[in-house]
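Asker: Below is a structure I'd like to ask you about.
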């Protein structure tokens, strides 16, 4: 239920109150109705259907809730008018309960200048008598009411759609800048309005301009560029890119130009590097309407000049001799550099093909090994350098450091010969004498130098992965003659026999001659040369090392004995050797032979007799049965400490065994010698503690008296022997009888018996 009430107050404007069942709108205002809208100053309540332009001022009076009466204070002239307006308003309010609503609200749109755009608006539940109103720029001017377009908008504006279905779409042809603004589609029966904004886009006339120092720059310098864009609606947003990566610039980098619609954005690069060369710096102007206009872009390609940077591949290479190789010099520079190759410390081999950045080596040799350098120059210092090391593997080669024949002076204190070999890997160099497996170090050292060291020697160079190589030389020893075995040689012959004296000489050059000298017992000297003189013949034979001279004395006589000497000489000097020839008389020789034979025979007989006697094959009076008795008896038990102590107290040595305190064993004591100090080393045992009785066996209980079965018996020949009648088994063993020079030094009846 709706109502309207005017509450009077003294000397105040009337207070108007509108209400519904749940809502009130209060305001102390003057109420006006005009052109279809009811408004209050301060609060807008409901829009009503259009009425004629009418100003109604409510005086101090009251509308009843039911709207049936008016208080007496209201003027009579306006009674009917007020009642009519009230009922119209009440009817409008009642109709609103089931009134119009938006099915499609107007939406903000954008349009390219000169194109057509349509703003849609559809309202459901619109009464037939009610019109849809369109308002627009500038300042929400009335464009249309229903299908009727205001005069000033005719020609480019029109209403489209099925109005019977509530469609009232506003179409604008050839959109202009003045068409940009807010638009509203409304009607009186709607308690709210629907607004939309139309944007008219004016595209840029062209891409932005890049202004700045666009000349080539050197690495290390700075760069500042400015991007400028003029025109366009709305103004574009400018962005700098390095390729696809946007620059993050400070806010003060964006500026507006002095011209209308001009915008600028600065880009500052404080330090350029070679990596900036060829970079695509782009400035993009974007108006923000990708469906209507595309962003415009200006591009600047940086040209940064920088010195060459060189990389050589491969860095190092090992190739076999005879193979080919390509080496590449990669150069990074701007502008492009000129490339050249050289070999450090040497000229380029003639087989090298210099192809600029590629160096081709055909059939490399060992001399090609070394360091190669690539040089790149483009006018911007410094120049670029790159190196490459070539290592050539090749078989060992022995240099010509010695001849095939080397002469060495005889008697030289020391001589060395060095062999120089090259190869890769580095070879091992040794010396070997011909026909031997004896290796010597390098250099070859010969000291002292004599004719024995003369011969062929080979320098052998060995390297892993290759066959060994060698080079021979002959060591030729030259000098004075050398008589081999220069010590005195003595030759003894029998009168009438032949004697040959040999003098072997090593010499280079060959001796001029070998001369023999003989000096007899009277000091007379005779010279013999090659040939035959009476009973003496001299002949020479060539040997590998020199000459051998042989002097033969035929049917030697006693007067031909004496000292002989051979002497060899050449241009470097001479050497000699002495011989002694002894000639013995033939009779004397026979006597000497007989005497020597006799002495040898006697010695043999004596030795034989001694051996037979020692073996006991002769001069043995003992019974054969006794001599065959085994002497292997158990070792007697070790006497206890009490026995040792007892015997020491008695002071009577009763045994020939010594008790070893250290290991508790008995060991035989050798017989003492009276003529020597008993404590001399090797003659006696000073720790003798127990003496056994004069028999060979030892029992646990030793008797205190001499054994009657063993009594010494002197013989007439100075020998002594025990009187053995029937020897008990305990007396089996070996006996020894020993004579004493001074019997007074032994107790009566003393006899030594040694057990073996």
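Every residue gets a Cβ built from N, Cα and C, even glycine.
TrEMBL annotations: computationally assigned, not manually curated.
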Asker: Please identify the range among 563-621, 622-680 that TrEMBL labels region 'Disordered'.
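Answerer: Among 563-621, 622-680, the range TrEMBL annotates as region 'Disordered' is 622-680.
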Asker: Suppose you look only at the domain 'Ig-like' (100-199); what would the mean pLDDT be?
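Answerer: Reported value for the domain 'Ig-like' (100-199) is a mean pLDDT of 92.
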Asker: Could you give the number of helix, strand and coil residues in the domain 'Ig-like' (396-476) as assigned by DSSP?
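Answerer: Counting residues by DSSP class gives 3 helix, 42 strand, 36 coil.
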Asker: Where DSSP helix means H, G or I and strand means E or B, what are the helix, strand and coil counts for the domain 'Ig-like' (308-379)?
Answerer: 3 helix, 44 strand, 25 coil
